[in-house]
Structure formats: structure tokens, C-alpha cells
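Novice: Please see the structure below; I have some questions.
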Amino acid sequence: MNILQKQIRNFSIIAHIDHGKSTLSDRLIQLTGIVSERDMKEQMLDTMDIERERGITIKSQTVSLPYTAEDGTEYLLNLIDTPGHVDFSYEVSRALKSCEGALIIVDATQGVEAQTLANLYLAMELNLTILPVINKIDLPSAEVEWVKNQIEEDLGLDGENALQVSAKTGQGVDQLFPAIVAAIPPPTVDKDNRFKALIFDSNYDSFRGTIVHFRIFDGTIKKGDTILFMQNDSQYKVEEVGLFQIKRIPQKSLYGGQVGYLIAGIKNISDVKIGDTITMADRPCAKPVGGFREPTPVVFSSMYPVASDDYEELTEALERLKLNDASLIYEKDSSAALGFGYRCGFLGLLHLEVVQERLEREYDISLILTSPSVQYEITTTDGQVNIIDNPVNYPDPAEISKIREPFIKATIIVPDRYMGNVMQVCHEFRGVSKTYQYLTSNRMEMKFELPLAEVVYEFYDRLKSVTQGYGSFDYEIAGYQETDLVKLDFLINGERVDALSILIHRDKAEARARTACKKLREEIPRQQFKIPIQGAIGGKIIARETVSAFRKDVTAKCYGGDISRKRKLLEKQKKGKKRMKMVGSVEIPQSAFLSVLKSE
Ligand SMILES: Nc1nc2c(ncn2[C@@H]2O[C@H](COP(=O)(O)OP(=O)(O)OP(=O)(O)O)[C@@H](O)[C@H]2O)c(=O)[nH]1
């Protein structure tokens, strides 16, 4: 297909989580017929297990959709799918930078939510043409007029002419292609004629190495070219370029305005940075596309294999995972209680959970995680400033002169009847109310400043529950503020278990210590002696529980000489032990470590 630049449209679909982006993308792909019905199902099966189970998009997928208009003109519509969760908003902005337009999806039963607005602002900053689409009109509870109104008032877009679709039944979806072609402008290219492309994503293929996904802003690229990654100055020879049509479709060359992939024998995904600019080594462009930023982890936690002999496997699994997830960072760590492990940095709690689940599921390693922490800025009495995210590195309190913690600016959108509840929850999580305003007669936008550590720790779940799921939330990092931090330790049978220590605000320490001790008591099985469990700040015990003594002899039942039965029982017990950690003289199950991560 010989497609001219004016026959190309590059667009994204943006929406609040669960408003139906992925379903709509699938429907659009299906309409073009680039995959057969059978492959369509297979493709769905191919996507990451966790994405399907949780119904969220983690990695963005790009696809070039061929479309023939009524007048016979052929178009190539490049759809760049974006993740919907706040943890992954950096990927959204990179994807948007590769587009001229965006469909903004609003669920007809939920209306405009916090991330609808946040994503809209991102798209507006980049001057994209925005087409509002009302989805889920098949549902009996759909309130199309109400949503039209919100699109006008909250988003400042044309609500009256918003397209109305059901991504589920397919109703109205066929209007989208003509609307995209008519409203979204074709890509413009710089007229420098020097190759310039923006990397908006990458993935790893075990046969071909890293696959770079990019949008070309100027020039052409073909097999054999030597490209230069501007950020880290590395050069590679191009082996293949092409388009995505679920499968990779190799092309002779790609040119300005197009979205596609390249393969260049790149062995490590971390050489390829999302947001970096690619140019030609012999004729580099003058300036990068711009706006490059390294994704910065905000939550840190240590991971230890439950069975110490799984350490090698964990190392290998992390290396492999990193190939597909460049935002994951990790370094060696060790704990007196748990042995060798890794300290990892994540974009947010959801990212942490996804990594943990993938390690356990895809690599079959059971893990113990330490309580997630943010980075604190600690000034010691000798004037040194240290950034600390691991309780192990917390200095002697006598040497601390000042501690600051990261804050966020949160935007919460709720029906006004929940305003009181939201205020209360924010207060509970040490938040300060900044402003609030009515968006419509009964929906409010509330702004707060909250400590990031609190948001990491269950804030979102609480917000959802007190607003019965109607509250939506978005945030940005907003600098450091002074705080009163303490290190809370746990002692089991008199021995401090370093992997259980947490950094916490003084006002919250006692309550947290009590719940954690209680949970540990429930999770630690009785042993032949009494086990005290204590929570302590410095030398001061602030909570205490006891596991009473009990003698467990699994083979006691097997009187007589049935040796095989005895052996079976012992085997079973051994398996159970694989999930236990010996700390001093006490056996602690994996579940005990995990139970203290949450307060309820
Ligand atoms: N009834 C109905 N359900 C829909 C429609 N579109 C999507 N859904 C359902 O809404 C849920 C969320 O849809 P997704 O497509 O996964 O939403 P998403 O916006 O892609 O979510 P993320 O990828 O997590 O951002 C799924 O259970 C879909 O089956 C629709 O038009 N009608």
C-alpha cells in the first residue's frame, strides 16, 4: 500500500480507567479485518495474564489500521493505546506526543472522572485535536444527556456532537473512522530532511532483541541505516523497520509522520529509553524532539525469596523482567533475617503489585516483600543531606537534625454528597485541603496536599470505599515538606527482624505497631516455646502480643509401622517449610511478612 503523508492519521485513545479504551481498541481492530475472528481471540489470550485478570492495560499497544473511506481514499490510522492508571502516566504523555489527535472516552454511566480531566490536560498541552466519545450506551443505566452536558461543561468540548458508541456491542463504532479522518489533521513533518523520531515504547523479543516503537517527525529510515540514540549516544545498525498490525509487518522504509518499529540487534531494553530521540549517526538532526524525562520510581521495597536457594532464580527473573519493563529498577540488598534479596524501585503501588505477581506467576518464586517506602530526605547534625528509602539506612535519631518527606498534589472528583467523607479520609491520611469547586451542580473537584507515603499506603482503597467507588483520583508529585518520622521496629522472641521495620510518621506509629503485632500473632504458628512479639521505637516498646507455646508432632498420629504414610507427612511438612523463614529460633511463615504490609 502506497500511502502518502496526508493519508495518515496518528491518534490515541484516552480515558479514565475502565471506561472502555481497550475494548474499543479491540473493536476498531476487528472492524478493519486485519485479524481474523479466530486470531482476534488468540490475540486476546496472548496479552499479559495480569492485564486480562485485572482488566487494566499496563503496556501500551500500537496498531496501524488500514481504512478505505466512502470516496475510495485509503488511509492508515495509527492507533496508539495508552495505559489508564496514574502509575503509568509517563507512558501516556509519550504516546500522546506521537499523535495529532485523541479520542477521549467517557463512560455513559460514570461520567467525567479525575483521569479523564488529567489526560485531557495532557492532550491539550500538546495541542491535539480532541474528539469526545461516549461509551457504554448499551447499558440501561447509561445517561447520555448527563454525560453530554459534562463534556460541554467539565471538558469544554462539543458534547452535543459527541459520538455515541458501545464498544461491547459494536453499536456506533463504525462512525469513528470517518470522524477521525475528518477531524484529526494528518501529521506534519519538519522540513529539515534529517531523520528524527521519538521513542514512545519498546518491548523485548527473545529472538530479535529490543523492538523500538517510534514516531517519525522528519526524514526516512530503512534497513542498513546506522541510527543514533541521542540520550545515551549509542549507535546501532537497523536490521528491520515496519508497521504494527498486531503482528509486525516489515516495510522497505518508513518516512516522516509514520508510526512503526525498528529492530537493530539491541540486546538490552534499558539502552532504549522512552522519550529519547533517534536520529541518523552520519546526519544527526539539530535538536531532539524534546521533553525527555527518565521515569522516576517513587515507591521502594525489598524482595527476598522465601527459599534462600531461589536467590539465583530471582536474579535471573528480575533480569528478564527488566527486559520488558525498563521502569523497574533494582539493586542487591541483604537482610540479617532474610538473607540476600533486591531493593526495587517502582512507579507506584500498582506497579509493585504487578511486578510481584509476575515474578510469582511467571517465574514461580515465592517472595517476601518489605513494607513499601517513599524516599525521605534526612539532614544529619553534621549538615549532611541523605536520601533514604530503606529503614536499614535510618541514622541514629540523636544524629538527625531534620527530616522531610515527599508530598503530592491530589485532585479528587466526587459527587458532592461524599464531600464530607473525602475531607475526613484526607485528614486521616495527614492531608491538607487546598481548594474545592463545583464542576456541575452536584459534582466537585477537590484539591489536597497529601504525603506521598500515605497515598502509597492504602489511601486509594479508602477513598474508593468511602465514596462507594464514585471518587476518582489523580496526583502529581509536589516537593518535600518537613515531617516527624520514626523508625518502627518489630522484635520476635526478643530479636529485631530487620525486614519488618518501617519508616512511619510518629502519630501513626502506635496504631500501626498494634495492628501489625496482632497480625503477626495470628500468622506465626505456635512453637514449642512462648514467643513474644513486640513493636518498638528505639528502645521503647509500644505494642506487644504473645504466641503461646504448643507442641506439634505431625507423626504422632502414625502409630504402628506405616513408614510410607509417615514419610508422606514429613514430605508435606517439608513443603510447608519452604514457605517458612527461620528467624533466630522462630519459624515465620511468608504470610506473616505479607500480613504486616497492610493495616486492615
Ligand atoms: N456494557 C458495556 N461494557 C463495556 C463497554 N466497553 C467496555 N466495557 C466493559 O468495561 C470494562 C472496562 O473496559 P476496558 O476496555 O478494559 O477499559 P479500559 O479503559 O481499557 O481500562 P484500562 O485498560 O485498565 O485503562 C470491561 O469489563 C469491559 O467489558 C460497553 O460499551 N458496554
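Cβ coordinates are placed from backbone N, Cα and C, and glycine is handled just like the others.
Remember, TrEMBL labels are computer predictions, not curated facts.
Note that the structure is predicted; figures quoted are calculated from it, not measured.
Pulled the feature table from TrEMBL, pasting it below:
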type	residues	note
DOMAIN	6-188	domain 'Tr-type G'
BINDING	Asp18, His19, Gly20, Lys21, Ser22, Thr23, Asn135, Lys136, Ile137, Asp138	GTP binding site
Novice: Return the single residue from the binding-site residues list (Ser22, Asn135) that has the minimum number of other CB atoms within 10 Å.
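Specialist: Among the binding-site residues Ser22, Asn135, the lowest count of other Cβ atoms within 10 Å belongs to Ser22.
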Novice: Which binding-site residues, if any, among Gly20, Asn135, Ile137 have a Cβ under 6 Å from ligand 1, given in order along the chain?
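Specialist: With ligand 1 as the reference and 6 Å as the Cβ limit, the list reads Gly20, Asn135.
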Novice: In which DSSP state, out of helix, strand and coil, do we find Asn135 (GTP binding site)?
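Specialist: Looking at the DSSP assignment, Asn135 (GTP binding site) belongs to a strand.
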Novice: Within the domain 'Tr-type G' (6-188) only, compute the mean pLDDT.
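Specialist: 84, rounded to a whole number.
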